[in-house]
Ligand SMILES: [Zn+2]
């Protein structure tokens, strides 16, 4: 599952590709990625025709491609959704599902999705913020992110701190990997009740989450999953400190990293640096 830095890499890569370009044709090669669109694949193609893209936007892990008319295409990357840019007439990569051609006859935008949990949908009135994701809180990269308000909200919750920072209605963009990384940087155990933490601890945790994602972004994302690639087909090279490092020494104290069960996933932590107390 791509997390915020990976989605931001995709967004940034799409700016020069789509902004200001008018759609000349949309070919839906498989109906599943447009299953959220009520009028089906033909309707999706017909309704997008002739529209001009603005600059792609993102909130948390959600990406949308606004049109200059106020609507947008909301992209669900799911487990394996990707965008690629290809010259018209060039062969499709495997699992190409949707192809956009533009009236300038320049490079096409193609949506590729192996497992097809993702897809694209037309979001009416969604250019500024798609109504489908209006319940998603601002992420730490958002200029209007309110650190004090989010800190206060988190400290009212009794659940374990990791559970709370993964709640996309509280703060968006933090997924399992970066939650583990931020908790390790903050020396906090994932199960610590959120309301037992000081304001300083929560502020520091949010800053670490922001920083670890910014570091990943600066390095083109994290190469944890070969399915995830940017629009050029290359993956990032950000190194992780704790996630996926079970049994290997903590980079701070040398104690072997452990993996604990968390929801249906796992949490990686240093049992010495991150005590439950
Ligand atoms: Zn340690």
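Note that Cβ sites are derived from N, Cα and C of the backbone, with glycine treated the same way.
As written in TrEMBL, here are the features:
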| type | residues | note |
| --- | --- | --- |
| ACT_SITE | 2 | active site, schiff-base intermediate with DNA |
| ACT_SITE | 3 | active site, proton donor |
| ACT_SITE | 61 | active site, proton donor |
| ACT_SITE | 265 | active site, proton donor |
| BINDING | 115, 157 | DNA binding site |
| DOMAIN | 2-118 | domain 'Formamidopyrimidine-DNA glycosylase catalytic' |
| DOMAIN | 241-275 | domain 'FPG-type' |
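The structure, with features from TrEMBL marked on it.
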| residue | record | Cβ neighbours (10 Å) |
| --- | --- | --- |
| 2 | active site, schiff-base intermediate with DNA | 26 |
| 3 | active site, proton donor | 22 |
| 61 | active site, proton donor | 23 |
| 115 | DNA binding site | 11 |
| 157 | DNA binding site | 16 |
| 265 | active site, proton donor | 12 |
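Between the alpha carbons (Cα) of residue 3 (active site, proton donor) and residue 157 (DNA binding site) lies a span of roughly 24 Å. Taking DSSP states H, G and I as helix and E and B as strand, the domain 'FPG-type' (241-275) has 0 helix, 12 strand, 23 coil. Closest to residue 61 (active site, proton donor) by Cα-Cα distance, out of the recorded positions 2, 115, 157, 265, is 2. In the domain 'Formamidopyrimidine-DNA glycosylase catalytic' (2-118), helix, strand and coil residues by DSSP number 27 helix, 42 strand, 48 coil. Taking Cα separation as the measure, residue 265 (active site, proton donor) is nearest to 2 of the recorded positions 2, 115, 157.
Here residue 115 (DNA binding site) is positioned 14 angstrom away from the residue listed as 'active site, schiff-base intermediate with DNA', judged by their C-alpha atoms.
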